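Chemist: Could you have a look at this structure, given as structure tokens, before my questions?
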Amino acid sequence: MALLDVHDLVVEFPTRHGTLTALNGISFAVDKGERLGIVGESGAGKSVAAFAVLNLLTRPGRIAGGSIVFEGRDLTTLSRAQMRGVRGNRISMIFQDPMMTLNPVLTIGTQMVETLKAHRDISDAEAKRIAIQRLGEVKIPSPDKRMASYPHELSGGMRQRVVIAIALLTEPSLIVADEPTTALDVTIQAEIMSLMLALCKSHGVGLILITHDLAVVSQVTQRVVVLYAGRVVESGRTDRVVHNPVHPYTRGLLAALPGEGEPGARLNQIRGNMPSLNAIPSGCPFNPRCDHVLDDCRAALPPLDDLDGHLVRCIRARELMTGRAA
Amino acid sequence: MSGEAAAMAIPPHPASDPARPLVEVRGVVKHFDLGGHFLQRERPTVKAINDVSLTVRRGEAFCLVGESGCGKSTLARIVMGLLTPTAGEIHFDGTRIDGLRHKARMPFHRRMQMIFQNPYASLNPRRTVQQTLEEPLRFHSPALSDAEVKAKVEQVMVSVGNDPSWGNRYPHEFSGGQRQRISIARALMVDPDFVVADEPISALDVSIQAQVLNVMMDTREKLDLTYLFITHDLSVVRHFGTRVGVMYLGTVCELADTATLFENPRHPYTRILLSAIPRVSTEEMQPPGLPGEVPSAMNLPSGCVFHDRCPLANARCSAEVPKPLPQADGTLVACHAVEEGRETPGG
Amino acid sequence: MNRLAVFFGSDFLYRFRRDPVAVGAFSVVAFFMLAALFAPLLSSMNPHDPAQLDIMNSEIPPAWQDGGEEAFPLGTDAQGRDMLSAILYGLRISITIGIFAVMVQMALGIVIGLVSGYLGGKVDAFFMRLADIQLAMSTLMLAIVALAVFQAAFGAELFADMAIVMLVLVIGIAEWPQYARTIRASVLAERKKEYVDAARVIGLSAPVIMARHILPNTLSPLLVISTVQVANAIISEAALSFLGLGMPVTMPSLGSLISAGFEYIFSGAWWITTIPAIVLIVLILSINLLGDWLRDVLNPRLYKG
């Protein structure tokens, strides 16, 4: 059985202009110790998915349908108190801004010890020992001294390491990381992503990595879900999706990366813009930007087609996969 | 016809020697005084740029690349005259332009334009697109008639792939990519020779980055522009740049043709930076092997600023500042290890 | 697109309609403003014209009390002035002084705030220390000294003629630091934004950048502080008038009405002082509630999330 099984998740934001559907029937699963990437551009709904799993949606956003089964329990039916026992304990989270996790007026040591003691019945000394051990694991130099530091005394990269150490404190079975390295420089990004990768493996923790960066996803995750306008458009094993993408959107995203093409040549751009949530096109949401569009694409939403474990929401998926489409 | 009329109305630039470099940065230093107390004897100083020299030739897309805090944006602002250098000179087409008074600088304001990083802050939210685009043209060519100005706006909007009917709308009605194309249009309104682009695509989504980069490449070709492109993203450099300067902590450590730099990176920092670019591949991500963190620019390391993180550093590196030395292929590298030929760790 | 249409479709109006406090406060302020504007049409007499006063009508209680008369719905004062007319005219004077005093403050504050914030350095330090010094002395203290000196130097008669101008100037000049500080703070925030750099890259001069690019983007805090400052100016005027340094009794503002009626309060004629006082309190409260609401709505941190 999967560690986390999200099925047909619908998230809505009621506004005065009508209800916006940020996620429209999203399904994905994470096995124990598996690393899953959720990829999309701004407005695709990838962060909403993370917040929904953690039950952290800001009002008026709400889960309007579907289930989120984690370790056998449906998180959508839990009370706030029960959810607190799961979040930060069995599921940890890492945000883009480390200061969403860190309290600026408490030392790192205090925050780590408090986090541990909130979830486990242990002594201060024991909690401190575990905290120092975790800081060492995230390669923070002289961790025992760092326990007395305040977050503002650390660089952005060091703060994100501390956040990872905190995320690992309670030995969770799943970590949800929302754009954890987007604000960081490439060398620090490489340090931190490789660190997270190594720690997830050594601790056997599952990872949901939410990012816009297909390159990072390809080097860190085992499976990937591509979101567009609140729907899954493609999902499958990461190597298959990045090397043999089928959906025109995924193909466009990969082709638009400047590192891939001939230097100086025009980049393959996807025309137009991501639709806003109140104007999602009918039929396939990608149809106005698609180079392979047919009349049928505008008529009805294509189903997620299962091509041997590789799911694609496109009526021309089979043609595109075999390269017969123009 | 309308486009031609507008083009005719703007006098061509005075003839300049095509062999002369368009922009020269000579020994520029920039220190920022951090307020401090007036009784304090030594005020804290951020040494943002320390003796940087480079030339941008006509028609180039010169890229400055480096991580946050390396001084690349500060240098761009100094070139544009938005900041005054503490020491050093900026020359544009043979004229020294740093320290010029407002009036004397006016022709250069027309010939040098800038595109900014944040598409949400670089357009005045209270002004319509039309007002924003007309402003530079009306300021520099007050003799133009309303019809000529309108025609020019339309021509430039079309050339960057914008719908010319956007004029009466406000910036908040547009997406990030559309705003960035409006920013590019504003820069192109006065037919500049030289455009500084400060991280113009880093705030945009991947599919939109490609759109904006394509517009910049098209305009470079069509309008014979010279670009100074500031970025942290080496894969963009590889695609867009003709030459590239790699910066670390306020100094240029390597300056090379783009193709050469990617084929044969010399400086140890350049090598690490190249290895850290995330690529679409199924190889698992590896740590880049860059120990420690960027030191504070208030307290620079002695000698080579990179020595305390460098795998090749020895005693000389911590004592003596390396000079940018030309290599056989014209690349400039500021590194004692490269100079001495000890390019493997411990060698 | 039509600016009016934009306004009516905006979040601003939507949030206004959904907030009963804002709607209530706005209605009260609008009601008083209109009443002040149309005072000559709504009043049964001109309280500033001594020829229309009849001493025989003095101290008639409000119409709903024993001895009240239909002709004087809110009673009369000691000179036989119709209280309703006096309040309407007094409101007119109070609001006029409030608005004009704020315009003086705004003019001074915008210029000083823009220059300080944009140029920074020594200019900024000079004006901000000046503001600190001025804020160390209360508005009332400054105003009392200035008005008392003027009265002593030029006599009470000339003072009575010039009272409105003097109050506007004194209250206006005494409170410019509030504006200057607010404007300076928003200029500092705006100056860092790239559209200001873009304007500098074009080659625009500093005054043009300040007026055309920065000032329009500091209008939201200006609107908030203006509502609150109008209320403050009206209160300052009322206090000065109450102390006998404001509007003369022949041309009473709300403050002078309260002051004039004060001595009759123990002789049973409570309405002469109480009714203008209630009008003043309701007016000030409503303006402040409106100002609070504006601040909540226009505060970009709360607004944009």
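Each Cβ is built from the backbone N, Cα and C atoms, and glycine gets one as well.
What TrEMBL records for this protein is below:
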DOMAIN    C:91-291  domain 'ABC transmembrane type-1'
TRANSMEM  C:21-42  transmembrane segment
TRANSMEM  C:93-121  transmembrane segment
TRANSMEM  C:133-152  transmembrane segment
TRANSMEM  C:158-176  transmembrane segment
TRANSMEM  C:222-249  transmembrane segment
TRANSMEM  C:269-291  transmembrane segment
Chemist: Using a cut-off of under 8 Å between C-beta atoms, tell me which stretch among C:93-121, C:133-152, C:158-176, C:222-249, C:269-291 contacts the transmembrane segment (C:21-42) the most.
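Modeler: When the Cβ pairs under 8 Å are tallied, C:269-291 comes out ahead.
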Chemist: Which range out of C:93-121, C:133-152, C:158-176, C:222-249 gives the transmembrane segment (C:269-291) the most CB pairs under 8 Å?
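Modeler: Comparing C:93-121, C:133-152, C:158-176, C:222-249 against the transmembrane segment (C:269-291), the winner is C:222-249.
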Chemist: With the transmembrane segment (C:93-121) as the reference, which stretch in C:133-152, C:158-176, C:222-249 has the largest tally of C-beta pairs below 8 Å?
Modeler: C:158-176
Chemist: Do any residues of this chain, six or more beyond the ends of the transmembrane segment (C:158-176), have a C-beta under 8 angstroms from a C-beta of it, and if so which?
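Modeler: Long-range Cβ neighbours of the transmembrane segment (C:158-176): 93, 96-97, 100-105, 108-109, 112, 131, 134, 139, 142-143, 146-147, 150-151, 229, 232-233, 236-237, 240, 246-248, 250-251.
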